[in-house]
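Here's the structure we're looking at; comments come further down.
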Amino acid sequence: MSERKVLNKYYPPDFDPSKIPKLKLPKDRQYVVRLMAPFNMRCKTCGEYIYKGKKFNARKETVQNEVYLGLPIFRFYIKCTRCLAEITFKTDPENTDYTMEHGATRNFQAEKLLEEEEKRVQKEREDEELNNPMKVLENRTKDSKLEMEVLENLQELKDLNQRQAHVDFEAMLRQHRLSEEERRRQEQEEDERETAALLEESRKRRLLEDSDSEDEAAPVPLQPAPRPNPTAILDETPKPKRKVEIWEQSIGSLGSRPPLSGLVVVKKAKAHPDRSNGQPQAAPAPGPPQSRKEADPAPPTPGASSLSQLGAYLDSDDSNGSN
């Protein structure tokens, strides 16, 4: 029984490899490969943007009758991700790039177009100089003028840089800072002067108002209060309490008038003939008229207390009863 995994195969002694028929494949045979989009493109059918690096399952074939220095050129077929339209591009070994063929337009191609235009102009100039020697002289003159202008511009830029190099930016900033500080100091001094002027004006106005008020009514000068002697109480000798003070403490002061003093009415003595003599009293002798104050008896003092008035009333009743 033979082995399952065999690395060597049996070749019989009469084996002739030239007798094996070769497989004939077409030259334009296509292979399925996996690739990424080499540049940004936009589909012409639906306008879908296909960005660089997007992966596709593409078909690859060799371009017939196109070779660059013995290197074959390959063509790739991909499909749009939106409308499935076919897009083709091929390799460009001359410029180490890819060229778009059909189905889409390449984006961000301005730099490449500019380079191609410069190459075209340079090629046309070389063709003209090849057949026209006067054109060669004219182009040289233009190139020399252009070179002189470039040198002049370069010299101006160098001079400008030298002038700027001599400028001390630190000194400029320091001077600007000092000017700012001086301006702030001047503003602060002006504010202080204005504030002092306003304060002086308000003080003068207050002094004028105070002088007017003093002229209208001069205030009495305040006298300093006498300072009590702390040892005066030791010098005083204790005085015996009088009976009046005891009476005032127990009953009240005779000079004070309590609120019930108005209820007691003093009885007035009436003028009547003397019963003991049986003769009327004699009229007073004519004389100079007396004043009302002298004629009228002295009214009771308003400072008498109710007890004194009550005592006077009882005395008058006793005198009337004895009569």
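Glycine is no exception: its Cβ is also placed from the backbone N, Cα and C atoms.
Taken straight from TrEMBL:
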BINDING   Cys43, Cys46, Cys80, Cys83  Zn(2+) binding site
COMPBIAS  200-209  compositional bias 'Basic and acidic residues'
COMPBIAS  236-246  compositional bias 'Basic and acidic residues'
REGION    179-323  region 'Disordered'
When DSSP states are grouped into helix, strand and coil, how many residues of the compositional bias 'Basic and acidic residues' (200-209) land in each?
10 helix, 0 strand, 0 coil
In this structure, which of the binding-site residues Cys46, Cys80 has the fewest other Cβ atoms within 10 Å of its Cβ?
Cys46
Whose Cβ, among the binding-site residues Cys43, Cys83, has more other Cβ atoms within 10 Å than any of the rest?
Cys43
Which are the residues of the chain, Cys43, Cys46, Cys80, Cys83 excluded, whose CB is within 8 A of where the CB atoms of the Zn(2+) site average out, their centroid?
Lys44, Thr45, Gly47, Glu48, Thr81, Arg82, Leu84, Ala85
